[in-house]
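The block underneath contains the structure these notes are about, expressed in structure tokens.
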Amino acid sequence: MNGNGPSRLVDPLEDPLPGVGTYEDFNTIDWVREKSKDRDRHREITNKSRQSTMALLRRISDAFSGWLLMLLVGLMAGAVAGGIDISAHWMTDMKGGVCLQGFWFNHEHCCWLSNETTFQERDRCPQWKSWAELITGTSEGAFAYVVNYMMYIFWALIFSFLAVILVRAFAPYACGSGIPEIKTILSGFIIRGYLGKWTLIIKTITLVLAVSSGLSLGKEGPLVHVACCCANILCHLFTKYCKNESKRREVSRVYFLYLCVHLSLLQVSYYFPLKTLWRSFFAALVAAFTLRSINPFGNSRLVLFYVEFHTPWHLIELAPFILLGIFGGLWGALFIKANIAWCRKRKTTRLGHYPIIEVLVVAMLTAVLAYPNSYTRMSGSELISELFNDCSMLDSSQLCSYKQQANMSEPGVDNSLAGPGLHTALWQLALALVFKMMITVITFGMKVPSGLFIPSMAVGAIAGRLLGIGMEQLAHHNRDSVIFKGWCSAEAECIMPGLYAMVGAAACLGGVTRMTVSLVVIMFELTGGLEYIVPLMAATMTSKWVADAFGREGIYEAHIRLNGYPFLEPKEEFEHSSLAVDVMRPRRNDPALAVLTQEGMTVGEVESTHYSGFPVVVSSESQRLVGFVLRRDLLISIDNARKRQDGIVSASQVLFTEHAPSLPDAPPPLRLRCIMDLSPFTVTDHTPMDITVDIFRKLGLRQCLVTHNGRLLGIITKKDILKHMAQMANRDPDSILFN
């Protein structure tokens, strides 16, 4: 630049600066600005495509990149999920023994390879050896039982220790379910590293270890986190996604929808374009194809718990189904309150300082209490599959141990009378129910990956199976009563305990998560049972109504509030008559609002500011609003201007006007109008807060300016709204601050 000539004024949009338009950690994105940037980018590509063939090809590539990204994420997420399921099954079986033909085979696959396995003893084969057989040479006797018991505890402690130590050392964000944080991120909050490559690697490994340790947790919730990590990582391969925060969340939202809340579209995020729904459909196709190719469940089906009931349900059975819904609602409300109280104690006492010891103690307690009971010893998925099972003539399960008559093939002979094996199974299930209900409360939320779908379904399935067997025996002893006469004949089964287990599982999961329509869809996917939609819907709705009577928050919303994440829950209604002037800052006795004037301020004055954003006004006297600018963009622009423009010093004026005034004997000014938002959202001081809250929810705003007759009065941020809502609910307003 010529020293005698005029200084060139830096325009960040005409000459883009790296870092302008980005966000700091633990801040909320500006959805409106991000969508505006994407529209400008798309408009530029469209205009250039009319000028040359290469530009046209670039436009086609840009349009196709979204579908290609969906394909890659679907393949990657499906492959990782299949690998997690296969590995967890193998390592779970390792606690009981090892396959001599190959240590990488789990118990089921090992016995499939054997030619000496019979149908009646299909779980026993010479190739599979328990630890007692390997160490002592026998599987019978008290000493063999003790050896297997000790090895079960040993492997549980090893797996849980590896899980918690890997999380602590390499990826602290890999712990927990991940769904509360994913919902917060999809709403626009920035948590750097939460969807990064290290989190993906460590969460994948530790999820296998945590599930295999026997802790009362599942892998379905953390799989949502894993899929969103895959989406975020692959977004960096495509420019339009890696440079736009809203586009990146659009991809993660697709897989969050598919894996978690398929139909609860409004609960996922503030911004949901229609094309995301179509891409969710494509994501489902790719993920289903990948899972079908991997076949992780070993049954050539896409569902985890395949059921095939042969008896239709009767209208009278709606009463016990609703009873299961009441139980699910009560259990859900009790679990949420107990788990949040325990997690709050973990955060506020010395218990939270020793996460490794906590995990090991809970793992030890779980293994010691779980092993003696066969229903708590098996994994959660195996337990639910066992409870959903519809008994057949060749079934060897204790749950199917009925007294069989010698002339069972003759018509009119009843074969549903409970036998001694079923009596034993009933008290074991009762003990398992109490154990699962208590141990899950202290397990969920520890510093290991932990999902809640399987434990919640297990509690409901146990309760449902117990009620189903009770109804079955009641029908057996009272076939001539008014209730059962006419539809419950002696020639056929009329009560299916497995159906009651499935309905109970849905009821308890609904009570904990407060999902309704999406829960019924999930149950269809997990079980394939489409015929029993009415029992599932009745139990699910009853469960939600009962649970909502004790509090409208689901477990994930409760953890969002506990952790202080800035998330405006769409289901929470604002029932107060506050106005915008009651919530805005500054309050009556507070210092004046920090603003920037469109001219007259120096670089030094701007750099000395400490807030994250500033309204720009015409002058301090008029307070007429001009726009809004972020402090991060200001500092980046000033730093780059000092490197690229001669004469920029602390005394240089900062201008937000279109034309720079001529100032003789003054250092060259710095024009920053182009980094300013010229159309910030504003409300008047008398705008009702319920309307303001709806604006924040539906547009995803990070702040809103309050004016009176065009003059700036104050500012409302998302945290101000959350604080006000907490104060109105008689909660500590500072509890919503994220730490």
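Glycine is no exception: its Cβ is also placed from the backbone N, Cα and C atoms.
Residues 200, 204, 207-208, 219, 223, 226-227, 230-231, 234-235, 237-238, 240-241, 251, 254-255, 275, 279, 282-283, 285-287, 289-291, 294, 296 of the same chain sit 6 or more residues outside the transmembrane segment (64-84) yet have a Cβ under 8 Å from a Cβ within it. Residues annotated as transmembrane segment in TrEMBL: 64-84 (among others).
Here TrEMBL flags 152-174 (among others) as transmembrane segment.
For 195-217 (among others), the entry in TrEMBL reads transmembrane segment.
Long-range Cβ contacts of the transmembrane segment (223-242) within its own chain (Cβ-Cβ under 8 Å, at least 6 residues beyond either end) map to 38, 41, 62, 65, 68-69, 72-73, 76-77, 80-81, 84, 177-179, 181-182, 185, 195-197, 199-200, 203-204, 207, 248, 251-252, 254-256, 258-260, 449, 451. Residues annotated as transmembrane segment in TrEMBL: 223-242 (among others).
Sequence annotations record features per position, and here TrEMBL assigns transmembrane segment to 254-272 (among others).
Under the heading transmembrane segment, TrEMBL lists 318-340 (among others). Distant neighbours of the transmembrane segment (318-340): 437, 440-441, 444-445, 456, 459-460, 463-464, 467-468, 471, 500, 503-504, 506-514, 534-535, 538-551, 553-555, 558-559, 562; these residues of the same chain sit at least 6 beyond its ends, with a Cβ under 8 Å from one of its Cβ atoms.
TrEMBL lists 352-371 (among others) with the feature transmembrane segment.
Positions annotated as transmembrane segment by TrEMBL: 425-445 (among others).
The feature transmembrane segment is assigned by TrEMBL to 452-471 (among others).
Broken down with DSSP, the domain 'CBS' (676-733) shows 23 helix, 18 strand, 17 coil. Per TrEMBL, the feature domain 'CBS' maps to 676-733.
In this chain, the transmembrane segment (152-174) touches the transmembrane segment (352-371); three or more CB pairs sit within less than 8 A of each other, excluding pairs fewer than 6 residues apart. Stretch with the most C-beta contacts under 8 angstroms to the transmembrane segment (152-174), considering only 195-217, 425-445, 452-471: 195-217.
Sequence-distant contacts of the transmembrane segment (425-445) (same chain, at least 6 residues past either end, Cβ-Cβ under 8 Å): 176-177, 215-217, 331, 335, 338-339, 342-343, 346, 362, 365-366, 369-370, 373-376, 383, 397-399, 401, 418, 452, 455-456, 458-459, 462-463, 465-466, 469, 555, 559. For the transmembrane segment (195-217), the residues of the chain that approach it from at least six positions outside its boundaries are 80, 83-84, 87-88, 91-92, 94-95, 152, 155-157, 159-160, 162-164, 166-167, 170-171, 173-174, 178, 185, 223, 225-226, 228-233, 252, 362-363, 366-367, 370, 377, 379-380, 436, 439-440, 443-444, 446, 448-452, 454-455, judged by C-beta separation under 8 angstroms.
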